[in-house]
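> Supplied in structure tokens, the structure appears directly below.
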Amino acid sequence: MRARILAIVAVSALSSACATTERVAMADAPKAHAYIADSRAMYLFSQARLNTLEGDYDGALALLRAAAESDPEAPYIHNAMAGVFLKMNNLPAALAECETALGIDSENFQAHQLAGNILAAMKRDKEASVHFKKAIELNDKKEEIYLHLAVSYVKSFDYEEAVNVLKKLITVAPENAFGYYYLGKTYDQMKLHKEAPQYYRKAIELKPDFDQAMIDLAVSLESQGQTGDAIAAYRQLLEDNPKNSSIAQHLVQLLIQQRRLEEALSLLKKLDENNQGGLEAKRKIGLINLELERFDEAIAVFESILKQEPEAHQIRFYIGNAYEEKGSIDQAIAEYLKIPTSSFNYFEAVGHIAFLYRDKGNVELAISYLKEIIRQNPERLEPYLFLSGVYDSQSKFEEGLTVLTGIELKFPDDPALQFRLGVLFDKQGKKQESIARMKRVLTLTPDDPQALNYLGYTYAEMGENLDEGLQLLKKANSMRPDDGFIMDSLGWVYYKLKRYDEAIKYLENAYELIDEDTTVISHLADAYAAKKDYKNALELYRRVLQLDTENRDAAEKIRKIKTETGEK
């Protein structure tokens, strides 16, 4: 931890100006008599120093002004006055004294160093860099000046110069951990992330307790997608700082992103046991248990949160989810019904309630419930969409369309409404109306991957506008590269274009992600058959029949392949 504090101090401007000035003007400077020839001036200077130590800054300034009158050729007196002004947070006056000192001696190292610090504190970084650069010319052994100069360059967005300065520093002082650390930081700021880790690691090698370097190493690795290495770095940090809950929580997030849920859960439980994670740790424990289908454990955790925060309606929503996933429909409905209209989860809960009524076989109850919600909330779109969805699930497409077309004037520019209309028109076989609605969605939200996929797949199914469909699906795939259904659509449009090798590439990827969808399996089988890879095609058509014994299309294609190949 000490290393982190030192690292911050090394480049701090205003927050550490007083301490830095005292160190430069008093402790690290040559003896006063080396600069002050006049004995009276020397006496006044010494008295001023005592006043400064006692906090009598006005008295110190009066003595230093008298000393300067007695020895007007002593720049060191003006440097000392700059130091006092810094303690008083009077940066312009401090800078003026540095300028006076440099007017007496333009090669005065201390005045350049002070002026650089003051200008940096005033956010005049380009001017600061001039003084730091000159200070290095006068004394190239002062390691902290390299750091100050590099930071000034970084703040001026002159990253190349910052890198050059820091590389000079690690040449002059190869054991300076901060030089390596700031090289890593600078490369990260330049977006040259691959260059950064080696310098962070060197800084850590030189200073094993350099926590900030370890944190930035982990962040840099994470930004490059090297999540495993980032996790290892955070684990090392946590081992060194077991009570640091922020490090633990960041590690938890990475583990969750990597789907290493058991590890994340174990870490969260430790945080909870040590009273470090608060309700957020409990919430994540509940959600992970929900994800792992440990519904009773999830419910118990969420209910413990509600005891502390009775108005945490989102937690109530999660309890409803847990009961729903568990198959306890009545309990799920009961929990959702407890969510008040003031909650942002309210309308989402309404949707769950309606579809749970439907799943229980109470379709009329679902419809009447939603109609009542619409009566109470006529300006909200969600219940209309839910109602059309209930009709859709019962193949009552006309009723679903009636609900939605009746509110188009109320919600003329809502993409969700247009999308649902497009789906319902498609299910009625009204392809052109469906296409028009999907195009309307893309006019409103050009980057909607669902609409891009729907329209592209529609073109593929129709065998029309295939080049346009290909572009739509490429865009959707670039936005959601891990979406198996979009991969399937893209593979299918390649199939329709008779570009079978490309089709197989995407269809195989889709099948890896979605291996029980008969449409996805059939598409890949068709592509294999087009390439006369009958062995793989037959295997997949048989897989379709295993999942859907009534699938006549798969049975017919098996028969045709057997006829063509002579297989019995």
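Every residue gets a Cβ built from N, Cα and C, even glycine.
Sharing the feature lines straight out of TrEMBL:
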- 143-176: repeat 'TPR' (REPEAT)
- 177-210: repeat 'TPR' (REPEAT)
- 279-312: repeat 'TPR' (REPEAT)
- 347-380: repeat 'TPR' (REPEAT)
- 415-448: repeat 'TPR' (REPEAT)
- 484-517: repeat 'TPR' (REPEAT)
- 518-551: repeat 'TPR' (REPEAT)
- 1-19: signal peptide (SIGNAL)
> Given a Cβ distance threshold of under 8 angstroms, which distant residues of the chain, six or more beyond its ends, lie next to the repeat 'TPR' (484-517)?
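Counting only partners 6 or more residues beyond its ends, the repeat 'TPR' (484-517) has Cβ contacts under 8 Å with 449, 453, 456-457, 459-461, 463, 466-467, 469-470, 473-474, 476-477, 523-524, 526-528, 530-531, 547.
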> Give, as a single whole number between 0 and 100, the mean pLDDT over the repeat 'TPR' (518-551).
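In the predicted model, the repeat 'TPR' (518-551) has a mean pLDDT of 97.
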> Sort the residues of the repeat 'TPR' (143-176) into helix, strand and coil with DSSP and give the three counts.
27 helix, 0 strand, 7 coil
